[in-house]
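What TrEMBL records for this protein:
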| type | residues | note |
| --- | --- | --- |
| TRANSMEM | B:7-24 | transmembrane segment |
| TRANSMEM | B:75-97 | transmembrane segment |
| TRANSMEM | B:118-139 | transmembrane segment |
| TRANSMEM | B:159-181 | transmembrane segment |
| TRANSMEM | B:190-212 | transmembrane segment |
| TRANSMEM | B:224-246 | transmembrane segment |
| TRANSMEM | B:258-279 | transmembrane segment |
| TRANSMEM | B:299-322 | transmembrane segment |
Amino acid sequence: MELDPLVLSRMQFAFVVSFHAIFPVFTIGLASYIALLHGLFFKTNNPAWDRLALFWTKVFAVVFGMGVVSGIVMSFQFGTNWSNFSQAASNFLGPVLSYEVVTAFFLEAAFLGVLLFGRGKVPQGVHLFAAIMVAIGTFISSFWILSANSWMHTPAGVELIDYRFHVVSWTEAIFNPSFPYRFAHMAMASFLTGGFVVAGVSAWFLLRGRDPEANRRALSMCLWLLLFLAPAQAVVGDFHGLNTLEHQPAKVAAMEGHWETSGNVPLLLFAIPDQEAQTNRFEIGIPNLASLILTHSTDGVIQGLNEFAPEEQPPVWIVFWAFRVMVGIGLLMIATALIGLLLRRKGKFHQHTGFLKTLVYMIPMPFVAVLAGWIVTESGRAPWLVYGMMAHAEGVTPSLTGPMALFTLVGYVLVYAVVFYAGIYYLTRVVRNGMLPNEERETAGDNFRRPMRPLSATETPFDDDVDPVRN
Amino acid sequence: MEMFDLTIIWAGIIGFGLMMYVLMDGFDLGLGILYPFAPDEDARDVMMNSVAPVWDGNETWLVLAGAGLLGAFPLVYSVFLPALYIGVFLMLAGLIFRGVAFEFRFKSRRNRRWWNRAFCWGSGVAAFAQGAVVGAYIQGFHVENFAFAGGAFDWLTPFSVLTGFGLMAGYALLGATWLILKSEGHIQEWAYRITPLLLALVLGVFGIISIWTPFVNPVVWERWFGHLQLIWVFPALALLSAFMVYRSVKRRDEGIPFVATIGIYVFTYLGLIVSKWPIIVPPNYTLWDAASAPESQLFLLIGVLFVIPIILTYTAWTYWVFRGKVRVGEGYH
């Protein structure tokens, strides 16, 4: 078998970026939640909010740490595997990605330490301020990353001269056409992710009768949030889709499994796209619905994949099914939030065992939806790296060989497997140890507590043997 | 904009960032390299505790320099990283394992020896890879049409292996003198004992590299044996610093060995820069060839000039908070 460095590089990028993305998508939502908890405690002085804030800050610390570690790898990927692209796009991407680094450092240097270790050491108002600044900082970071990514989908404000992009207008390049939609869609996805994780963990605590007062409040708050966010995300997603239809029609055609340009396009629920035959082998759909959604008219004409040469089409099978996974989970989220409302009217959303268990099982769902969404948009851009201007094959490192790319792909999979197994394992221990009265909590011992480090904000031991220094 | 050459300003910023990285991450990678040779587990606790509050701040400079390169000197970024593909992977894997070991070793008893191994191997591999990068830079790269055109292992030559081990020895020396500063009793005594050995090793390797480099690279030959006599001041000062390390260890000074080791690094670094200036992607491309568009450099400069003072303040504050000796069985509070 021929090892293609291009395919392997794309697989490697997809792997490392997916592994990285699950951490920030959670911390962005969680940071705002922690700021809200601090605000509620500041306003009401109810210690339940403080207990929740303390617990979720510990979780935040671990996830943030893992996000930073996996992010370092990302910053080298552009150079190692996509050097022609880095060289060509550096005038725009260099400063924009660097601004993300600058923001992250500013955030970490100035406010993260106060948030993680300032409890009881700084006035309550200052602590609240730090929490708000960390939340804002996570948004500024994602602002830069999503601007860079959106620019690759809808490049603007640049001129391509001799295989090099030159920035003509920074405003047009940064606020490129798909950026506002992508940013809104992603911000809401972060809130939904944070909301479902907090709801699921609160449900888990409630099932075990742990700190019911605080966790009932947390769950109630989350369910209200999800009730508004989950349907709103569907609306924002629709706007994002319309924007994509305008700028990247091939991607939308692949999402819909729509091969021939026509009106009265059905919304396919199930299909087996066959790229070689340029048709679907089997399909079940709702008549006219895709036309209605995309053109707001039942006989609206939608461009089909037949208008793009086969080598300029994205991989339809992946885009089609990833899109259905994302939307399916989105509908599941809306349903969950509605059931929560029904149970609330009966006054037992926090006691219904079946519902609480469902919430626990929902924890991984938003992560799957986010990754599926990214697969839709990134695979849907293929074969373009910068849409309409630079193909994947033009951006890859010319000196890269198949065996080299395979070596690092396997290497990153192994490194991440070890590191993230340890990380997730530790995170579950932090949660299992959470919201307990002080005397029942395991600790790794005061002697080994060191401030200033994200993970030092937790005192849960890594393995079962309790520290002999203390015993 | 005519008044300032942004390229020179950026060269200064990135040069400064890399120097900060080498010095600061150098001593904590060095402690990782010395880790398996430590006299006992108490010494390992102290070694790790002495850098635990600062190591990730130290690594900040690497990320800042890397991001700055993409923004200001994209050619460096897009030639060095493909040319050093395997080495970059090894360095990142090493840094990741080392970082995770820092976090979990203290929270772990049963699995502690595994985290010890991750710490030591991670540090060693990362240090070797960084040293090999320096060697590869001195050798130069096969570049065609603004892209690396060589093979996967072009960088791995006897020369770059030597610079890899050289930097490992150099980091170990920084680590040992840092430990002199931060420890006491039998641990400090051990650090005093190994420092002259490491110093001899470093001087030996640096000596070989200094003699070898002009033969590897004709430009360097011309620079050192041509008309520019003044540059001999750098190796002279580096040697003087080495002598200071030796003398201060003999006299059992606590702070001077570390400061003098920094001197060795700074003067060697400056010597390397003047050997190559203004070539940044050897053998052919200068800083100006490698630069991004002036408006891009300016746009990024604003943010970086804002954040560097903050990072420096934060760094200084952290080191101030954690000043003083680290004792056995006692972490920071």
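Any Cβ shown, glycine's included, is placed from N, Cα and C.
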Surrounding residues of the transmembrane segment (B:118-139) on its own chain - C-beta under 8 Å, 6+ positions past either end: 22, 28-33, 35-36, 48, 80, 83-84, 87-88, 90-91, 93-102, 105, 154-157, 159-168, 170-171, 213, 216-217, 220, 272, 276, 282
When you scan the chain for residues with a C-beta under 8 Å from the transmembrane segment (B:258-279), skipping those not six or more beyond its ends, what do you find? 11, 15, 19, 22-23, 26-27, 134, 137-138, 170, 173-174, 177-178, 180-181, 202, 206, 213, 219-220, 223-224, 228, 231, 234-235, 237-238, 240-242, 244-245, 248, 285-288
With Cβ-Cβ distances below 8 Å as the criterion, list the same-chain residues six or more beyond the ends of the transmembrane segment (B:7-24) that contact it, or say none. 54, 57-59, 61-62, 64-65, 68-69, 72-73, 130, 174, 262, 265-266, 269, 273, 278, 280, 287-288, 291, 297, 301, 304, 308
Outside the transmembrane segment (B:159-181), six or more residues from its ends: residues with CB under 8 Å to it: 23, 26-34, 46-47, 50-51, 124, 127-132, 134-136, 138-139, 187-188, 191-192, 194-195, 198-199, 201-202, 205-206, 208-209, 212, 216, 245, 249, 254-255, 257-258, 260-262, 264-265
